[in-house]
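Shown next, in structure tokens, is the structure this report addresses.
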Amino acid sequence: MIQFNEDIRSLSFAEIKEEIHKLSIVDLYRNDEHTKLINWLEEDKRKNVLSLKEKIEKDLESYLNEVKRVKTMYEFDKSFGSYRYIAGVDEVGRGPLAGPIVACSVILDLNVLEKDLILYINDSKKVKEHKREELSEIIKEKALSYQIAVSSNKEIDEKGIAFANNKVFLESCNSLSIKPDLVLSDGYLIKNIGIENKSVIKGDTKSASIAAASIVAKVYRDRLMKEYAKKYPHYDFENNVGYGTSKHIEGLKKYGKSDIHRNSFLTKLL
């Protein structure tokens, strides 16, 4: 544990680095100790120590910028009015050649303190896979309510992607354990919802609730497609999650379609 009253010059660089490695920028900031650490490092004029100080300052700046970005997303949701419960809903899987379309609805506590913001939420496609996995669990743990809905490839073929998209939006919202006063949907108004609904273009980059829904839906569907990859190994589902990559199309042409392919999406390929 670093003692800020200790003479830093009595420590080797390796000792300093080891101690700092144990620290969290987030905890330092929340405990108001980041300034103490930077001032302590500044007392040492060794170049490697000063470089370490600069790195910590950059990490702190990145963290504060992220807090600011996510605060703006929470404020965006609150800007619609004094609704008690706001749900964000998003889908994943409109475009793939195989597998279902999945939607998730999420109600967040939009009045949390800064320390309880869910940082790094964004359009799920902009978040790296390992981070999405981590965030999905955090969102499910912290959400006041969330619900996932699925429409199969067969239903997509029978009734069309627009019907399936609306169905999963509607089902995920109507199945929430808390009835929302407002639903923010990504890109589309939801037909027959019976709850006040506003669509937000590129909502997963603007709205905290929609971004959270985007991540949970993406992680759920990706896991599902990776399970399907074990049953249908010829299409590279573990990597393309059903989208029409060259390997996927190559598999289709060589082995034909599987039970989870969308026939209506394959008319120009087979």
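Every residue gets a Cβ built from N, Cα and C, even glycine.
Take the divalent metal cation site that Swiss-Prot assigns to D90, E91: the candidate from D186, D222, D236 listed for it is D186. Put plainly, the binding-site residues D90, D186 were compared by Cβ crowding within 10 Å, and the winner is D90. Residues D90, E91, D186 make up the record's divalent metal cation site, and a Cβ search at 8 Å around their centroid adds V89, V92, A103, C104, F169, S185, G187, G203, D204, I210, A213, S214, A217 from the same chain. There are 26 other CB atoms within 10 A of the CB of E91 (divalent metal cation binding site), with all protein chains counted. For the recorded site, D186 (divalent metal cation binding site), the DSSP three-state label reads strand. Averaged over the domain 'RNase H type-2' (84-270), the predicted model reaches a pLDDT of 97.
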